[in-house]
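TrEMBL lists 21-200 with the feature domain 'Fumarylacetoacetase-like C-terminal'. The annotation substrate binding site is assigned in TrEMBL to Gly326, Asp327, Ile328, Leu329.
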Amino acid sequence: MSGDDDGPLAQRPGKVIAVRAHRPGHPSYYLKPATALTGSDQVVLRPQGCLALGVTARFALVIGERARRVPRAEAFGHLAGLAAALEFTVFDLHAADDGSALRSNGIDGSTPLGPALPAIPADLSGLELSCHVNGELAHRVTAEELAFDFGYLVADLSRTLTLEPGDLILTGGPPRAPLVEPGDRVEVTLTGCPPLRARIRQDPEPLGVPGAQPAFGETERQAAHGPGTLAAETITRLREVSTATVAAQLRQHGVAGHLITGVRPTRPDLRLVGLARTLRCLPLREDVWRLDPAGLDVRARTVEEIAPGEVLVIDARQDPGAGTIGDILALRAAGRGAAGIVTDGPLLAADSFAGLPLPVYHRGGHPAGLEARHVPWESQVAVACGGVLVQPGDVLVGDAEGVLVVPAGLAEEVARSAVEQEAREGFVREQVRAGAGLSGLYPMNTVWTNRFRAGGAEQAG
């Protein structure tokens, strides 16, 4: 199974339990068959007809002593060792077993396992996994960053399951698994262990029938890539045009509800372009306030999960009675590469945002914090912000005049059309300055359109 013939990984586990990477609040798990396990320097096969094979570096916890209803304070002592694992996910098979992940994450040989540390260090501060694809860093995760510590997982699972010696718990990994192709080489290193390596090949045998065939629709695309991605060219175009132009293009595409109302920017000099990461707040009820095992509420956890280029969009029901976010969380979002923040509620201590290098849109300031009016409830769901429906992965575009929501599927076309519209309007201004009348020019008739295009062709030449 691994190179650890005499250590904690010498026996085949009865259970392989994996923690889902995306579930906040409390862990969610799925089971993997033991036949999914393999050792280092092995070939991982991508099934024929499948295009989206993702890879995730995982901490593999090895159970050393039988655990049933173990208190959290004693759970760590039931672990025999720790190893690095690589979990390969075939997203094309995700729909067939949505929830169980049996075939998408359980294919024979799809989970290489490295040698185990003989003992888990008491100090986890230096424990790190790093995953490289073809020599380039794909992702890195530390034990300190995990939403659920090792002891928590053992205690949680042992409430309802008996964990036997040799059982494995896989945890850790990024929210989005990078995709790999046949011919790629993957390597993961765990502090204190030799590298774990795998090579990707195309399965020479067809998947065959009967049974579900590979499918890669929008649900699978989001599972593989996240809610959305923006091409660099699209980002550049949206930064170059005004929100007025983008709004005009959205109306032409039949999207009338796009302007987040009642908000203003802290930094009118900064442009906003990014993908929505949403946070939904509900009205305060004093007996309801949810913290995860790390002591973070849903708002703080959402900030900790924000990815570069994303915009934190807060649905505060347009309630003016409390600040929805302060400068410390905003600084953390900026440090994680956030593109901006949009809230339809006030800011806590709004003056402190003036110096932040981050575009923030808000409804003013308030001296009271979020807990005075709201419970941060859930993230990455559809929300209403400033009277507009915002879905995770929608594109936010903002300037000094306001902020707009562009449906992800329209972003590329809207950006291209907006650039062309501003080029046309620039041409019209030049003609008006030269003394031309508006008739036939604004809007342009066929004659003026041909002149505009001819001028563009001359400039291109």
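Think of each number as a place in line: the chain as shown, counted from 1.
For all residues, glycine too, the Cβ spot is worked out from N, Cα and C.
Curation does not apply to TrEMBL; its annotations are automatic.
Of the binding-site residues Ile328, Leu329, Leu329 has the largest number of other Cβ atoms within 10 Å of its own Cβ. Take the CB of Asp327 (substrate binding site) and look out to 10 A: across all protein chains shown you find 20 other CB atoms. Highlighted in sequence order, Ile325, Ala330, Leu331, Arg332, Leu348, Ser352 have their Cβ within 8 Å of the centre of the Cβ atoms of Gly326, Asp327, Ile328, Leu329, the residues recorded for substrate, and are not part of that set. Taking the Cβ of Gly326 (substrate binding site) as reference, residues of its chain lying under 8 Å away and at least six apart in sequence are, in sequence order, Leu347, Leu348, Ala349, Ser352, Gly369.
According to DSSP, Gly326 (substrate binding site) sits in a coil region rather than a helix or strand.
Confidence over the domain 'Fumarylacetoacetase-like C-terminal' (21-200), given as mean pLDDT on the 0 to 100 scale, stands at 87.
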